[in-house]
Amino acid sequence: MAHKSKILIIGGTGYIGKFIVEASAKSGHPTFALVRESTVSDPVKGKLVEKFKGLGVTLLHGDLYDHESLVKAFKQVDVVISTVGHLQLADQVKIIAAIKEAGNIKRFFPSEFGNDVDRVHAVEPAKTAFATKAEIRRKTEAEGIPYTYVSSNFFAGYFLPTLAQPGLTSPPREKVVIFGDGNARAVFNKEDDIGTYTIRAVDDPRTLNKIVYIKPAKNIYSFNEIVALWEKKIGKTLEKIYVPEEKLLKDIQESPIPINVILAINHSVFVKGDHTNFEIEASFGVEASELYPDVKYTTVEEYLQQFV
């Protein structure tokens, strides 16, 4: 059996982090999670930490802002996967510095898991978040650290349960608001699958110093196509309200945080088409479902079925 790298996840109790921790543990990689003392005693995150222990995950106490704790943790593993949240993206320079000092890390996955930030046409406030991720890429490359960037596009759990309708808790059954003309195609991936594909990439030479795009054929839909699929499932035609780009841009400017960030990402994806408006070239990227055709991913159609 091939050697399986030891993997450390930073931000493992966060939204996408927990899926990556679980995928790593279940795939037989020796799995480590960096946790702060405060996380263990947190009522919600503490439960997750207990779940990790049950999966055989080793907890390493440390903190993004404690350089020595990072170096000590990194010396025990081969691969570092960062899944830190929005507010800590810029602070990943601290991870890079500790990787340089530790000197043994075979691969670094910075916190990405969305659009390919080198190929976006975003407005503020999403523009700055994307630019911060791009800066972390450049810093990683400049330091000569081996890397993989996972561009997993949309989390299914963010979009599909409500079809991006604000204030709803299930998909709409009367009317639906559609951004732009509804024709730009986007990609929707279930979080478990993002975890699975990410871990598969860890020891794969084909993904070294590349962007891994998670774009399975059955998960690429325009907004109009998703609405049509949902209408077919519920046997009903919805009233469609199209929001022109100018109106969406105005809404972004007038909305509070985090609504403005979400709307700006929706603008990038559904108006500018930033998930699908470029070709993946072998010089910079590979596509996960082509690399790992044996992974049985959840399709958009299967995902929506639970809400019918």
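In case you wondered, yes, glycine gets a Cβ from its N, Cα and C as well.
Swiss-Prot lists GLY11, GLY12, THR13, GLY14, TYR15, ILE16, GLY17, ARG36, LYS45, ARG137 with the feature NADP(+) binding site. Annotated active site, proton acceptor per Swiss-Prot: LYS133, in sequence order.
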Among GLY11, GLY12, THR13, GLY14, TYR15, ILE16, GLY17, ARG36, LYS45, ARG137, the annotated NADP(+) contacts, find the widest CA pair distance and round it to a whole Å. 29
DSSP three-state assignment (helix, strand or coil) for TYR15 (NADP(+) binding site): coil
Who sits close to LYS45 (NADP(+) binding site): which same-chain residues at least 6 apart have their Cβ under 8 Å from its Cβ? THR13, THR39
Ten-angstrom check, please: count other Cβ atoms within 10 Å of the Cβ of GLY11 (NADP(+) binding site), all chains counted. 23
